Amino acid sequence: MSTKLILSFSLCLMVLSCSAQLLPWRKGQRSRPHRGHQQFHHQCDVQRLTASEPSRRVRSEAGVTEIWDNDTPEFRCAGFVAVRVVIQPGGLLLPSYSNAPYITFVEQGRGVQGVVVPGCPETFQSESEFEYPQSQRDQRSRQSESEESSRGDQRTRQSESEEFSRGDQRTRQSESEEFSRGDQRTRQSESEEFSRGDQRTRQSESEEFSRGDQHQKIFRIRDGDVIPSPAGVVQWTHNDGDNDLISITLYDANSFQNQLDGNVRNFFLAGQSKQSREDRRSQRQTREEGSDRQSRESDDDEALLEANILTGFQDEILQEIFRNVDQETISKLRGDNDQRGFIVQARDLKLRVPEEYEEELQRERGDRKRGGSGRSNGLEQAFCNLKFKQNVNRPSRADVFNPRAGRINTVNSNNLPILEFIQLSAQHVVLYKNAILGPRWNLNAHSALYVTRGEGRVQVVGDEGRSVFDDNVQRGQILVVPQGFAVVLKAGREGLEWVELKNDDNAITSPIAGKTSVLRAIPVEVLANSYDISTKEAFRLKNGRQEVEVFLPFQSRDEKERERF
């Protein structure tokens, strides 16, 4: 009976321990107040918005990192940090994690994405087999034999010295010969024992290598994919395509997952900045003597792309932790004399990546194992089996579609559940020639509009009833629209396409015109009295547009005739 109680108690402890690994991302986290979102509300007195491009560029061996200036009123209000990464063909964005959650949109290209989640198992295995290097085995064998021989010679010299001190030369000679024969047998026995042990060690290492490499999930990414990441989760990206891989990433510095301050910090596990430490130290001293704004901007750059966290550990500690590696490997772990930056040119990197249909098949099998309900059991299935990407560039999956005006694709926690853990979402909008979106506002989120194609005109109106932005936008620009600000966009002659990244997992927009608009939900009499118009005009105002959010441009009869010819 006591044995059963002990086993039951041990099982409970194991379950609690496993749950603790994944607790920061459990759904219950939503009940926690968004401390950071409330902390910076006093900074949201926005009088003027600007459509901006990256203000700083950081070059690496195989790519470029471009950073927006987040020390503007709208960026401070939203708590956003925006970064664009360009990875050249064959380039590898080194593994890193952040103190804040973020969401990435792949603008162009294709590649491979890796995700490492604490507490999740290594469920992927490469097909290629590794051969333990023969030269390394020989080197270890020669080194061990040399050490063994040295110890044997030292024992021989010590014994001979003791024998000579006894006085009788014949006895010494006889005993020395006897000792020599015994010591020879001892050395031979020790050598054979060492050889067998070394052989077993090499055999064990060889068997370990022959089983192949095991790792956590990797998946293929392409243009239109949205990739989220919680704080502290390691991700890396490899461009195995023929063109540049371009992505835009939005960090939520005000998230409750950020326990530090209002700044975003990236922690790299490899690599090093192209600048030397002395250069960075010199620049830091120069900034301290300069303006506060310049100092803040440069500090933000360094926090995002400064150093490898292993650089700060001493060699002795790393050698104790990572056994069976030489000093050269330890030096490379720390990034000593590595000036390639954080996007490096990969060599002989061949990954077995499951295709999308294989991922779906594996996910369906997991659902069937859970009884087909799709619900998690509260342990690793709560997080480890979640999707880490969703494509928003598929017309067949559009949430709003107007064949003559455009479409809207939304990714939120309903179709990508991991977004519920990080409180972020995205929306991809395509407007055809001269089409219009809005006016509308975000009920519960700030949004960052990043233009991916074309150009158009945008108007934004703030809480004081006056325009805070009225200008054209073009590809590569970001416009931050605070919560509640009404925005309308009209595409140019080449159309307009953009992605909106928002800091709520289920961001809701409220249109002012159209079939699902707020005006459509208000009685005609209320509209008539509100605007001091007749009920007939109020009815026209309410029902003038039958489309949903995406509108055809108004055209006069003459304009229609000109288009026909």
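Numbers run from 1 along the shown chain.
The backbone N, Cα and C atoms fix where each Cβ goes, glycine too.
Among C77, C120, C384, the one Swiss-Prot lists as the disulfide partner of C44 is C77. Sequence-distant neighbours of C44 (disulfide bond) (same chain, six or more apart, CB under 8 Å from its CB) are C77, P482, listed in sequence order. For the domain 'Cupin type-1 2' (390-539), the DSSP-based tally of helix, strand and coil residues reads 23 helix, 72 strand, 55 coil. All protein chains considered, the CB of C77 (disulfide bond) has 21 other CB atoms within 10 Å.
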